[in-house]
Amino acid sequence: MLAVRCLLFAAVCARCAETGLREWVRLEGGLPTAEETVQPRRLLQQIHSEEEVLHTHLDTRARNLPAGTQQPIHVAQSSFLVEAFGSSFILDLKLNHNLLSTDYVERHFEDGKLSQNMGGEHCYYHGRVRGRPGSWAALSTCHGLQGMFSDGNFSYGIEPVGSREQEDHVLYRMPNIDLLQLSCPGCILNISEPKGQTDVHSDNKLKDGDDGSKEEKHVSRKGRRRSKRQVRRGQRNVQTETKYIELMIINDYEMFVQLRRSTLQTKIFAKSVVNMADLIYKEQLNTRIVLVAMETWSSENKIAIGDDALLTLRDFMKYRKESIKERCDAVHLFSGRTFMSSRSEAAYVGGICSVTRGGGINEFGSVGPMAITLCQSLGQNIGMHRNKERMTAGGCRCPDLWQGCIMDDTGYNLPRKFSRCSIDEYLRFLQQGGGSCLFNKPTKLLDPSDCGNGYVEPGEECDCGSLLECTQSGANCCKKCTLTHNAMCSNGLCCRDCKYELRGVVCRDAVNDCDIPETCTGDSSQCPHNVHKLDGYTCDAGQGRCYGGR
């Protein structure tokens, strides 16, 4: 039996060596993963205790929104319970306020017509598994739970089975690696510059502006060409300062077809991928990925997308230069096609901030693998190289041969971290003047709410004020600026014991003959606006007439 297992392992290793990690994940799904059907539950605090109660309704859209609110607003923090594989996972999540920029725009083409809207539903969270050191989570709650989380030992992917959020979800488990580690302790640093530099990294190299007809042509240069902006940054510490990649995503027609021909599902999926990639970049590179725009080709592709990833990248960057007007640092294509390549992406090395080279293409996969693919292609944009050549020469090795590192072609499961060598390449790229656009902080779509200031802000369902103020009024109905289980309200003249007052109950008495008493509407905690009799009505037993409510 041992001999059989050894032969099987050797076959697996040989297959991975032939195809590379990305191809292995795409074709075989990696090593066998465990899978269970689960029914997540949202946790809400009870009215008269600190205990939490399970709720089958997973929706995180805030209640009691002001009239006229166009886009749904999701609560700033929420918790969920997922029970599977003999364990209970409590996911404590906070809204990722940095995901969408203030001028974020979504558009799609349908029947040849352009449909565009500003803003978008923001239901994308980062968080942790309660009580599990080293855990992480990147999930969306637009329609059920979708995304990935880790308990520190295993990583899990979750997505709804049906179209309704109350239905079953599928949870799959794979061996984990800690994405929060900043470096690979066993990496051998390679401080010297690579012998040659190429504009594109994929199975073949393509020089910027080449027509791609000579696919096997390798472009190399002696030394590194110094651009005008490659001036060392002596005034700032590029490692400690937060960087921002303003990213635009374009979903091609095949991507749209893969996601049930639904524009909504396509946008949700793409934002979930970026949300997870942002978590990795935030924790390891001190860099945020901010979406500024998304375009979905829901009728037909705007460029020819073939099997050759490099030709597709070339044509895609031409489309960006000629057709994309949004200001962004990089534009990436999410494609539903499978390219004739052992890798799932292609991108220009060091092309960030450039209109002609700031971009990449990424193959379709589930949220986790596609997020890693995006991390790779964006990594090349910000100066990282594939480590395969240097690993062969012994210059840089990822210490975890089982999991591998993000920019490597080794490992048998989905990697979650950059090697120390890749991080050093990124920092060196910045120190030499590359990536100047990454230091421009974009404005956020939603500023984080200040829970406890007494004002109900976007992302809050209630806010009873400080701990002392909440103790005096509203604490039973409002906890962590979220309404407790079965609570309708927490304050207001038409709120009693966390419920709306009945319709017709007087909430504001008349102050004189010209005033009119206001009554509760039965569907709001707030007393209606103060109104008075029209001018000219008699008052004071017929001795006078009303004017301005007096």
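Residue 1 is the first one shown; counting continues down the chain.
A Cβ is built for glycine as well, from the same backbone N, Cα and C atoms used for every other residue.
Just so you know, TrEMBL annotations never went through curation; they're auto-generated.
Database features (TrEMBL):
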- 1-16: signal peptide (SIGNAL)
- 195-237: region 'Disordered' (REGION)
- 196-218: compositional bias 'Basic and acidic residues' (COMPBIAS)
- 219-235: compositional bias 'Basic residues' (COMPBIAS)
- 243-442: domain 'Peptidase M12B' (DOMAIN)
- 448-535: domain 'Disintegrin' (DOMAIN)
- Cys507-Cys527: disulfide bond (DISULFID)
Margin query: I'd like the Cβ neighbour count for Cys527 (disulfide bond), meaning other Cβ atoms within 10 Å of its Cβ, all protein chains included.
Written below: 19
Margin query: I want to verify one value. Collapsing DSSP to three states, which class is Cys527 (disulfide bond)?
Written below: coil
Checklist line | Secondary structure composition of the domain 'Disintegrin' (448-535) [DSSP: H/G/I, E/B, coil] | finding: 6 helix, 15 strand, 67 coil
Checklist line | Model confidence over the domain 'Disintegrin' (448-535) (mean pLDDT, whole number) | finding: 84
